[in-house]
Structures are given as structure tokens and as C-alpha cells.
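The following features are taken from TrEMBL:
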type	residues	note
DOMAIN	B:61-253	domain 'ABC transmembrane type-1'
TRANSMEM	B:12-31	transmembrane segment
TRANSMEM	B:60-86	transmembrane segment
TRANSMEM	B:98-124	transmembrane segment
TRANSMEM	B:130-154	transmembrane segment
TRANSMEM	B:174-194	transmembrane segment
TRANSMEM	B:232-253	transmembrane segment
Amino acid sequence: MTIPVFEPWNDPEAKPLIQFQNVTKRFGEFTAIDDLTLGIYEREFFALLGPSGCGKTTMMRMLAGFETPTDGKIYLSGQDIAPVPPNKRLVNMMFQSYALFPHLSIWDNIAFGLKRENKPKHDIEERVQEMLRLTRLEKFARRKPHQISGGQRQRVALARSLAKAPKLLLLDEPLGALDKKLRQDTQFELMDIQEKTGTTFVIVTHDQEEAMTVASRVAVMDNGKLVQVATPDRIYENPNSVYVADFIGDVNIIEGTAKPTGPDQYDITWKEGAEPLNVKSQNSFSDGQTCHLAIRPEKVTISADKPADADNAVQGRVLDIAYLGNISTYHVELPTGAVIKAQTANTRRIARRAFTWEDPVWLSWTATAGVLLAE
Amino acid sequence: MNRLSWFNTVSLTLGFAFLYIPMVILIIFSFNESKLVTVWGGFSAKWYGELLQNESFLQAAWVTLKVAVLSSTLATVLGTMAAYVLVRGGRFLGRTLFSGMIYAPLVMPEVITGLSLLLLFIGIGLDRGVMTIVLAHTTFAMCYVSVVVSSRLITFDRSLEEAALDLGCSQAEAFRLVTLPIIAPAVISGWLLAFTLSLDDLVIASFTAGPSATTLPIKIFSAVRLGVSPEINALSTIMIGIVTVGVVTASLVTKRQMVRQRRDEQNAERS
């Protein structure tokens, strides 16, 4: 039996649950969202990632109904949602500040949305109980929000927004207020809950690690535009621009000019007097075109002697070492003055580290290790 | 406990003396046996007894209370609504003008407020009585309420209201179920402020009161013009007592609430 791969975005038959169609949002002179078109599919865990002010929160607020697009249309299940007020949308939101009602108990907070639907009392009780169980809050049902810890508050906010079983759940920086360790645990909890409930999640975050961990697809935004929308591994391995490569994780960017040498093969002249780099690229470049080679530090191998059969090898000396416990990042200065970062896993104890400051070393990588980008 | 320096001790003593010596003298003389206000004739509570026999004082007290309760309630409703619109309404046309105008009565001389109200009531042919005092007090107290409530609303986390809307509330339900319970302390203190303002207002009340309705401050003022009687001292002492009890209770309640909340929060963090 094969498990079907979940990737409705590659299925031309699949209809997106949410469809942004040429949506523009302006606040006075400022354009927050610029002619944006995007489809988000059912059961997806979709992450909007970008620096603050890139428009990701505006997109979420338009989905929730707190902002209306200046231009363009947003469809939910094929229906234009512009005329639907927030309280009539099958969309719920988890707020960055959690926005728990301080005068109500945890139980009443979770029941708040259900009570608005005039459901029978018994159904409400059952649903709240279910939510408390899902978020492991049974013990705290009678407490007030200020009587529980930050992590518990976060779970109350989640339970409250899930209680009405929305078609779409919006999460605005849901883990921003938690410390790192708790955040990591909660990320897995979120994924687990998303899978159990089968709800479509859209998460807004500026933390790229968080987006990579939880999301089925990530949209990287900048200045109100989508720069790239793809699965986390494609975003990381095949960024479509220097902006994305630089925003996600650590990267070495080497600028140079391309010279085609064969099918998908290029020589990159990058420094006067240095040997050209040998790169394989799916993106095509013309002779003499300016290009950027983006290469991740962990794909650069560091060694004492020149490797015999490497596609690319450069010599330098260790300028700095960042020891992070499990891995170390070496900053290696080349004779040309450029600094390249190389990362190795610390599989041996630190006392037996092979290189130290000022050591001459060789850096090498394969022709397919990096991505060649135009801009 | 820190010992106060001599400078602080002197400042404190002078300040408190300045504030409270007149009231202390008034309270002492309310227990004066003698009919002459400025001559001490021994301790007695007889003026309190006589006060309870004085029909016209009791009548005025009842009117004052009625006016204070009605006008402060009305002012609280109107002031809260005004504050809500001004803080939450966004940038509608004329917002700055409106917010300026709502605070104007705060600095308007009472004589002018009273006079203009009097002209209005005569103009529309409204007989002066309890009704007109209530309207007049509502007018000038609602801006105090709106100042108190809007300062609370400014610090109110807007996402709480958005969360209520998101969970299915209409705008009105969100206000009733979420905003109002949370800003309730500010609304209550606005009410108390309006209540005390109405209770001790003399100028506006004397413009808008008719022969059928006299408030206590008007009564005291006109009685004093005929000479200060120990009865008035007794009445004033009772009023001081009521206000003191009210203020002390309110501050104790607030303080206890704060202490409890802080303790709960500390417990939550530890667990």
C-alpha cells in the first residue's frame, strides 16, 4: 500500500479552498498587498512568512473579515467573501495576543463561540469537553486566563478558535510569546491537532524555522508580493531568488558572471585571478550574464588537503568558528578577501577538532550543491 | 518603615492641615451643645436629632439623591456611548471637532452652563423641577464620564473585540458581552464621579431648580445666608461621613482585587 502524497497544489483538478484573485490592499498611500493571486487548498497547513510590514498580517485580516480588499476578490469555497461580515464567516482566528476574555473562565472562553450559535446546552458541554481534552486543559476549565501560564493560555486560544469547527483557522504569530523550548514542543502539537481535526490552517509568522517545521507549503512575502510559494524543502533547496535564499536559513552568496560550457553547465567567473566555479543549473543564463550562486554552508566541505575529485575547491584560512554544540560553522577567508561559511556536524568531541583559528583549509563543493540565481 | 526627614514631615503636616482643618472644625462644632456656632457649650448630639425632625431638609435630601442617581445613570450611559464612538469610531468626518466639543463643558464656567440651560428650559416651556435638574446634571456630568471611560478604552486591547466578532458576535453583542464587562470598573467610577458631582453641585442646580424642587446644596446655601446653624454642621458632617465611607470602600475593593490578581498571576507562573 502506498500512502498518497498530499500535494493538491500539483493537481490541476483540485479546487482551492481559498482563492486570492488579484487582491490589492492600500492604506492611504501605502500599498500593503500588491496584486496578489494565490490558492490555498483544503487540509493544508499554509505558512505566510516574511519580515514585519510585508503584508502577511493584512492578508490574514482580510480572510478573517477585519479588512476588505481595495481591489480584487477573495473566494472561500468558491464564494466571494467580501460582503460576509466576520461573525458570519466560517473562519476563526487565533490572535497573537491570544485575546482571551479576562472576565470569563477557560470553560466559558471556549464555549463563547458555541453559545452564539444557540446550540443545545448539552452539545455545547460536549464540544467544550472535547476541546479541553484535545488541548489537555481539563484541569484548568474553571480557572480564569490570568491564573494559568503562557503556554496554557496559548492552548486555550487554540481550543477556543477550533471549537466552532471552522473551515479555516487563521493563526497570527501563535507561538510568538512562548520561549524557544516550549515553542518547539507546541509546533508539533499544532501539527498534530491540525491533522486530527482536518482543518485548513493558515499561519502567519516571521520565524522561518517555525514555518518550515509546521507548514505543508510556505509563501515567502516581501513588500506586499509573494516572492515564492513552495514546500519547505523546495524553498530551502531551490529558492527562486537571492531574497528567499537569504531569508530562509544561512547561505553563501557568490556573485559572478556566467559562461555556458555545456547543457545546464556553467563556468562562473567570480573574482579576478580565481579559478572559475563549475556549476550545474536548471535556470538558464546567457554568456556574460550576472548571476548569484547561493550555496548552503552545510553543503560546503572543509578539509585539510585539497580533495582530489571535487568539482570546486578553494583554499583559505579559518577566520572564525561558531560552535553551536551539535554543529560548528567555520568562517573561512579566501585570498581574495571573500568569506565563505562551511558547516560540519560535530560527530567527535570538541578536543579532537581538526581545525582551529588561522589554519589553512580547503573548501569544496559539488557542481549541483548550489543554486544559480539571476537576482 | 522609612523615617521621614524633617522637611517631609513639615510639608506633610502643612499640607494635611491646610486640607483638613476646616472640616475638622466643622465636625467638632456639629457636636456643640450651644446654639451659637462659634462658642463651645459642651458635647451633644442633639442637632443630629433635630435634623431628622426637619421636614424641609429631609425633603431636599430626597430630591438631591433622586437627582444624583438619575442624572449619573443617564450621564454614564451617554458618556460611555460617546467615549466608545470617539475611541473606536475610526476617523469619521468631524471626529476632532466632536472630541473637542465633548470636553468643552469641563472648562466652561458653571454659571454659563447653568444660564444657557435655564434659557433653553424657558424657551421650550419646560417647568423647572426635578426633571430639569436631572437634565442639567446629565449634561455636565456626561463629559466627565466620557473622559474616564475613554481613557480606559484607549488601553483596551482591540483584539478582544475582534475575537468576539470572529466567534460570531454582532457588534452590539461584542460590546455587551466583552467590552462592557471588562471596562466595567471605569464605567462604575465614572458613575461615582457623576454621582458626587451632582450631589454637591450648587451653581447649575440653582439655575435649573424650581420652587417645587430644592436640592440640599441650595438648601444649605440659603440657610447659611440667614446665619450658620449647628444643624447645618451636623448635616455636613453626615455628608462627609458618607463620602468618606464610599471612597475608602472603593479604594479597599480595588486594592484587594489588585492584590488577588497579582497573587494569581504569580501562582500561574510558578506552576
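Backbone N, Cα and C atoms are what each Cβ position is placed from, and that goes for glycine too.
The transmembrane segment (B:12-31) and the transmembrane segment (B:232-253) are in contact, since at least 3 Cβ pairs between them lie under 8 Å (pairs 6 or more apart in sequence). Among the recorded stretches B:60-86, B:130-154, B:174-194, B:232-253, the one sharing the largest number of Cβ pairs closer than 8 Å with the transmembrane segment (B:98-124) is B:130-154. Residues 23, 26-27, 29-30, 32, 37, 47-48, 50-51, 57, 189, 192, 196, 199, 216, 220, 223-224 of the same chain lie 6 or more positions beyond the ends of the transmembrane segment (B:232-253) yet place their CB under 8 Å from a CB of it. Away from its own ends, the transmembrane segment (B:60-86) comes close to residues 95, 98-99, 102, 130, 133-138, 141-150, 153, 175, 179, 183, 187, 190-192, 194-195, 197-199, 205, 213-219 of its chain (Cβ-Cβ under 8 Å, at least six residues beyond either end).
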